[in-house]
Structure formats: C-alpha cells, structure tokens
Amino acid sequence: MFQLTATPASALADEPVHIRVTGLPPLQLVTLTASLKDEKGNVFRSKAFYKTDEVGELDLMKAPAFGGDYVGVHPMGLFWSLKCQKAFRRLLKQDVMNSPFWVTLNLYDTVGLQDFSTEEPIASQVVQRWFSAPGVQRVQVREGRVRGALFLPPGEGPFPGVIDLFGGRGGLVEFRASLLAAHGFAVLALAYFAYEDLPKLLQEIDLEYFEEAANLLLAHPKVQTPGIGVISVSKGAEIGLAMACFLKQVVATICINGTTAICEFPLRYKDLVIAPIPMFMERMQFDISGAVRLLHYRGDPRDKVNQRSVLPVEKAQGSILFIVGENDECMKSREYAEQALHRLQNHGRNNGRMLVYPGAGHLIEPPYSPLCYASPNMKLSSPLLWGGEPTAHAAAQEHSWGEILKFFRQHLIQARSKL
C-alpha cells in the first residue's frame with residue numbers, strides 16, 4: 001500500500017514539514033509534486049525526482065532529489081521551489097487570519113517532463129500552511145494618521161513591540177507581522193502609502209508619521225516599554241534606518257536589503273529636511289527575462305556631493321542588524337550596509353552587525369517562501385528585478401529568520417528584563 005505522509009499536516013508557514021513515502025518497490029524512480037492556488041487564483045507548482053531506498057521508502061530529510069526544480073537533500077524544497085504558472089508573480093498571503101495556503105503534495109511512480117497535473121497520482125496529501133497561530137488577535141488600526149493592522153499574541157502581555165515595514169509596493173502587507181506575533185511579539189504592520197486614505201503615491205517620507213505609529217504602539221497596554229523594534233525591507237529599510245537614527249523609541253532595527261541614504265523622495269522630520277540622492281535613469285538595465293535592473297540606478301552615497309543625503313547612523317541609540325543578499329539585483333545592499341558599519345566604527349560605535357547571504361536576492365522573506373525573482377511595479381511598465389538563486393535564497397531565508405527572532409528577543413526582551 002503506497003503511503004505519502006507529511007507531518008505536521010497543519011502548521012505555521014515558517015515550520016518545516018517532514019515528507020515520507022512508504023510501500024513502494026525498492027529503488028523505484030518517483031516524482032513528487034506540490035501545488036497551491038493563491039487568493040487571486042494563481043497556481044504555483046513544483047516537482048522533484050527521487051529514488052526510493054532498498055526497502056521502498058523515501059524520507060526527504062535524508063534522500064536527495066536527482067532532478068526537477070532542485071537537486072540534493074532539501075526537506076522543504078517542494079515548498080520553496082514553487083513557481084507560478086504566470087510569469088512575474090509573487091506569492092503573498094492576503095487574509096492571514098482566516099485561511100491557510102492549502103498545499104497539495106502528489107506522488108507519481110514515474111519520472112518525466114509531462115504535465116503531472118493532468119495525471120492521477122498514486123498517493124496524495126494536503127497540508128495547511130498558516131500565517132497566524134491560535135489566539136493571535138488582529139486589530140485594525142485607524143488612529144490619528146496611522147493606518148495598519150496590529151497583531152497581538154495570546155495572553156495578557158506585555159509583549160515586545162515591533163513595527164513591520166515593506167517597500168515600494170505600498171498598501172498593507174501583513175504576513176510577516178502575523179507570523180512574528182505567533183512567536184510572541186506585538187507587531188504593527190504599518191501602511192504608509194497606497195492604502196485607505198493615505199497618499200496614493202509616495203512623494204516624501206514624513207518621519208513624524210512613523211513616530212506617531214511608534215508612540216501609538218508603545219501606548220498600547222499589551223506592549224512593553226520603553227522601546228520597540230523595527231523590521232524593514234527595501235524602501236521600508238531606508239525608512240527603518242531613518243527611524244533608528246532619529247526616533248528614541250526605536251531600540252532594535254532590522255534592515256533587509258536597504259539603502260543607507262535617502263533616495264527618490266525627501267525625508268522630513270520637524271525642521272529637518274534630507275534631500276534625496278540623485279537617480280540616473282540611463283543606468284537602468286533589462287534582464288533577459290525583460291525585468292528592469294535598478295542595481296546601478298542610484299547615486300553613490302560615498303560621493304562628496306551626496307553626503308547630505310546619507311543617514312547619520314552614528315546617532316542611532318539602539319542595535320541595528322543589516323541582512324544582505326549578495327545576489328540583490330535591485331540595489332547594492334552589501335555596499336550600503338558596509339558603508340553604514342564603517343561610519344559607525346569611525347564614530348566609535350559598535351551597535352551594528354551584518355549578515356551576508358551569497359546567492360540570495362532582494363526579497364528575503366520568512367522560511368520556505370518561494371523566491372520572487374521579479375514582479376510588477378506600479379511605477380514601471382516592466383517588472384522589477386529582485387534577483388536570487390533559488391537554493392541559496394531558500395537557505396538565506398531559513399537562517400535569517402532564526403537570526404531575526406534571536407535579535408529581537410535579545411534586544412527587546414532582555415532590554416526590558418535589565419530594567
């Protein structure tokens with residue numbers, strides 16, 4: 001009797017699944033596939049070719065894939081190698097509270113290039129991938145100017161508070177905040193344009209808006225004081241670093257593939273205005289896929305004429321963790337992080353640290369998320385290139401997530417216990 005098992009069958013999206021096959025002939029070549037449909041109806045699929053052992057069993061914790069969407073021992077390869085049937089689509093969970101992603105795992109007793117989705121599998125299993133844990137609450141935030149969603153862990157608290165910022169796609173992105181709440185953090189997924197009554201387009205960074213959000217989070221009875229963390233990516237990481245520099249409420253900041261200078265739009269904070277670094281449209285390039293590479297698009301923060309645009313990281317009172325993908329095709333994130341660390345060092349500061357991931361692209365997300373190599377952008381007619389090699393990117397996501405949780409626990413929870 002063929003049997004395909006996947007345990008746990010229902011789990012958080014950042015938890016691994018153990019996939020095993022039993023009851024097959026010894027040394028049988030087989031294909032394992034995974035598929036899911038997102039909330040917009042886009043279908044994502046993956047497949048890998050394996051061989052059973054001498055007793056007709058297969059354990060993805062130990063067995064290597066010989067081909068398909070990845071090669072080698074990758075217990076979660078079927079999940080992180082999922083690819084959309086339509087080009088340039090990013091897998092994003094919209095409703096994080098009420099439904100999981102349903103991933104169908106199928107087993108076939110053959111290997112080939114055919115479309116397995118039209119064939120009958122010899123065994124099948126469905127797993128649920130949740131972005132929220134039982135007891136986590138979602139509270140819509142519309143207070144003052146602040147717009148977003150607050151995720152609270154179960155219990156009385158107080159919990160360490162974190163603001164979650166995404167990049168130039170705008171809107172409200174919640175999947176990372178809800179996952180962090182499942183790990184014990186009170187997280188405000190913060191929108192800052194293209195959402196409800198916020199500006200449709202980003203034209204300036206008003207740091208007082210982000211300060212208002214920080215104060216709102218700290219005032220919540222279930223959020224511990226005196227300081228909060230910020231997790232941020234891309235344009236959000238530029239803002240996150242600015243928050244670390246100028247807002248005393250911020251004591252721990254994670255910047256994932258961001259710049260260290262103000263870009264495209266001015267930053268305003270009280271009487272301070274920081275003009276953006278110049279951009280060079282003529283330096284944009286096109287990848288073979290047709291996506292736009294912005295790697296060389298921004299001016300160099302090291303140039304003397306651009307110094308006024310560079311963020312004064314030496315003013316940051318809290319700890320900063322730079323997470324960098326070396327295959328980032330959108331910005332020179334490693335160079336920027338190194339420049340920030342060098343500036344800190346020159347001012348006698350040691351509150352910055354960098355994690356560098358070879359082969360990882362721009363969009364480093366929670367573990368087992370499929371690589372988004374390129375995706376549409378509201379300002380460009382062509383998709384934007386993010387970069388990344390799937391296997392290396394998956395390894396970066398898995399390792400960095402553990403480091404993110406460790407960093408916040410160290411600098412938010414321990415900081416409170418010292419008080």
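First residue shown is number 1, and so on along the chain.
Here the Cβ of each residue, glycine as well, is placed from N, Cα and C on the backbone.
What TrEMBL records for this protein:
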ACT_SITE  Ser234  active site, charge relay system
ACT_SITE  Asp328  active site, charge relay system
ACT_SITE  His362  active site, charge relay system
DOMAIN    205-413  domain 'BAAT/Acyl-CoA thioester hydrolase C-terminal'
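Residue pair His362 (active site, charge relay system) / Ser234 (active site, charge relay system) shows a Cα separation of 8 Å. Around the Cβ of Ser234 (active site, charge relay system), a 10 Å sphere holds 26 further Cβ atoms from the protein chains shown. Looking only at the domain 'BAAT/Acyl-CoA thioester hydrolase C-terminal' (205-413), the predicted model's pLDDT averages out at 97.
Between Asp328 (active site, charge relay system) and Ser234 (active site, charge relay system), the C-alpha separation comes to 10 Å. Using a 10 Å Cβ-Cβ cutoff, Asp328 (active site, charge relay system) registers 25 neighbours.
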